[in-house]
């Protein structure tokens, strides 16, 4: 051009910047300055926009230079250059620079304010961005569509419903609610706030809709899980709106299909992706991988992932997370390894967070430590998500010292961090440390939520915990208004019941005005825990009359109640009801029904219910092993364990309790110790208190007290009442006063009012003929008003339960029963029966001892069973205490002399008598 005006220079620079010819634009700037052409805000604003395309440091440096040049040229009053610089600083995260620039601007318009709000909100300063909007309003600057769209998005990011509705009112007053971009933002906000009807009204009233409008509605319904509505809007979008779906549309549709119920629809969307040519989109592929994984179709997810032509870090993260969610933890870590070996993308904090989820079990601890090392190597340990994932990993591995170290090193913690740590201590039943973390949490101003409360309540397991922590926690819940939360209140019912205070549990339940199914389940479970099976079944009837719908948890608890009562008829009725309600295929119900049949002495019916081994859940394997253990069938229990392992099922804590119990009942000490030692090394299951009780019981039954004491000293958990009670019981069998006294002392230190400690010690003294000590102990029990639980046996015929105590003559057929007892005694003496008076616990002459033993409750029940149970039917008797040696001998002989099959269940196991022998092989 022979003649160039200032406007020519400005237009040329702006045109080059818009076309991406950044070098040419800056060369023109230099030429303009050499020719003394005055600078303009318009040209400089174009160059600042070009800087946004450059790298972080280079773009920021160039922007700062233009900012300085603007100052020197006296152009800071130009709103265009000021706004462009605001955008640049915001995109580079230089929020303080953006704020300083904004307040230095002599003139600010709606575009400048919008640029400030975008800079603040895009860098996480959401509250500050909302404050900027409010100040703009106070200064009387009217909003345009862009500003409203920005602030509406800001409100749903904050999840601030009050502010959102206030801004929506401002939009309506301004008349801009008819503007498509503003209406789209409002629909998205209403959807994110769960105000579906408001979004629907706004959408229905729109005169003009674009693809974003339709996508906003589909996305909202997808977020709400309303699959039918999603596809209805999608159909209207194509039919009425004539709008073709894009990547956002398809991702929302795929997301709502991420469940087994809707995966068939999702497969249809997958086909649509191919037809529309959008299947190659990384976003769409990632959504499909997640959908198939969430629907339990891991093979399809894998195939899709490995066949993707291009993968981003989200693709890898989705696949790793899919493996973790489907318990394929080895594959998750292998995928992480492949990602680290490829040059496709770099892993981020989400990658390592998902990978740590694959290490949340003791057997994967070394893998977890390796991933932790990778996190440190990449300097990601200060990321909050990573910190919480590390806390979860160490807590689930029961390594609370490591978890504490991670917690102490985290630069910032949130409620999730504290909940994970409290949950870890709760799992270990460590109420003291759980409450310590809670106290710290409150001192730091971190607001607890319902998960915090439930974890804290779950850590309380004893009456001491209840007094020291549970009751003060209940007071805090009441004071802070958290008692209105249904989950917390129901958890209180469970806490009091677990700690032995069923009365308070019942009181809390009665105070609930609107009792949900969860409330009923909690109180039913509380009664089952306290052995009040009849009350639990009564509550079940009340639940039904109140019109509550049955769920799997309630049915499972009531089946457990029937099992504890050994009430076969009620159990069978409940099982039938579960079939009628369509709950018979639920694994919890199946397992509870199996357990009920097993505990009611119907092992054959239990075996009929077993799911196919390939699909059999761990719970069912455990119930089967436990059932065999209670009957004394060690070989069957061990074979079931081996079969379970061969099917690829991972044994858990309960599996080994059942297996070690089987070893204990069979007296196989070497087997038991071998399995105990293999728990952690071969199966990654950390030994717990119940496993230790089995080993102590096993050693004690065989009289190996030195080994039992050594084991107690070295075991990985602190001994509790079960440990000392088992040792005390065994000491009576072997008349070992020294061990018995030690165990009783420890038991009474834990609970001075433990009636079992006094009774077992008294029995130990009695077997050693130390009658003076027996009298002293019984006198002391009277002084402290402690009563021994009386022995009781019962059997059920049709709808009648017949209960017997020692020497009981209250039964309607008492005369026939005692006549039958006399007949039994005569017949047994003919085959060589001699009374085993070692079981007698009172200082009387031999004749009186024999008389007392012959009047035991289980013998009375047996006599009535021989009278009332038809020939050919099994006599099923239940007792609340362990059967004595003499009664066990009598039951064996009766099964032989009368040719009857008898099943006797006590609190510890089943005895199946047939042909003069017992399934326990006389070891119980």
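These residue numbers are counts, starting from 1, taken along the chain as shown.
Every residue, even glycine, has its Cβ placed from backbone N, Cα and C.
Predicted automatically and left uncurated, TrEMBL annotations should be read as such.
Because the structure is a prediction, the values reported are computed rather than measured.
Summarising the annotation, TrEMBL assigns domain 'DYW' to 832-924.
With DSSP classes pooled into helix, strand and coil, the tally for the repeat 'PPR' (109-143) is 26 helix, 0 strand, 9 coil. Here TrEMBL flags 109-143 (among others) as repeat 'PPR'.
Annotated repeat 'PPR' per TrEMBL: 210-244 (among others), in sequence order. Mean pLDDT across the repeat 'PPR' (210-244) comes to 90 in this model.
Below 8 angstroms of C-beta separation, residues 247, 250-251, 254-255, 257-260, 262-263, 266, 270, 273, 321-323, 325-326, 328, 344-348, 350-351 of the same chain, each at least six residues beyond the ends of the repeat 'PPR' (281-315), sit close to that stretch. Among the features that TrEMBL reports, repeat 'PPR' is placed at 281-315 (among others).
As annotated by TrEMBL, repeat 'PPR' applies to 414-448 (among others).
What TrEMBL records for 516-550 (among others) is repeat 'PPR'. Non-local neighbours of the repeat 'PPR' (516-550) in the same chain are 486-487, 489-491, 493-494, 496-498, 502, 505-506, 509, 557-558, 560-562, 564-565, 567, 570, 577-578, 581, 583; each lies 6+ residues outside the stretch with a CB under 8 Å from one of its CB atoms.
When the repeat 'PPR' (617-651) is classified with DSSP, helix, strand and coil residues number 27 helix, 0 strand, 8 coil. If you look up TrEMBL, you'll see 617-651 (among others) marked as repeat 'PPR'.
Sequence-distant contacts of the repeat 'PPR' (652-687), counting only residues of its own chain at least 6 positions beyond either end whose CB sits under 8 Å from a CB of the stretch, comprise 361-364, 398, 618-619, 621-622, 625-626, 628-630, 632-634, 637-638, 641, 644, 694-695, 697-699, 701-702, 704, 715-717, 909, 920-921, 923-924. Residues annotated as repeat 'PPR' in TrEMBL: 652-687 (among others).
Residue counts for the repeat 'PPR' (281-315) under DSSP (helix as H, G, I; strand as E, B; rest coil) come to 25 helix, 0 strand, 10 coil.
Packing against the repeat 'PPR' (414-448) from elsewhere in the chain are residues 384, 387-388, 391-392, 394-396, 398, 400, 403-404, 407, 455-456, 458-461, 465, 468-470, 473: each is 6 or more residues past its ends and has a CB under 8 Å from a CB in it. Within the chain carrying the repeat 'PPR' (109-143), a Cβ under 8 angstroms from the stretch's Cβ atoms is held by residues 79, 82-83, 86-87, 89-91, 93, 95, 98-99, 102, 150-151, 153-155, 157-158, 160, 163, 167, 170, 174, 176, all 6 or more beyond its ends. The repeat 'PPR' (516-550): residue composition by secondary structure is 26 helix, 0 strand, 9 coil, according to DSSP.
Sorting each residue of the domain 'DYW' (832-924) by its DSSP state yields 37 helix, 16 strand, 40 coil. Per-class residue totals from DSSP over the repeat 'PPR' (210-244), listed helix then strand then coil: 27 helix, 0 strand, 8 coil. Taking DSSP states H, G and I as helix and E and B as strand, the repeat 'PPR' (414-448) has 26 helix, 0 strand, 9 coil.
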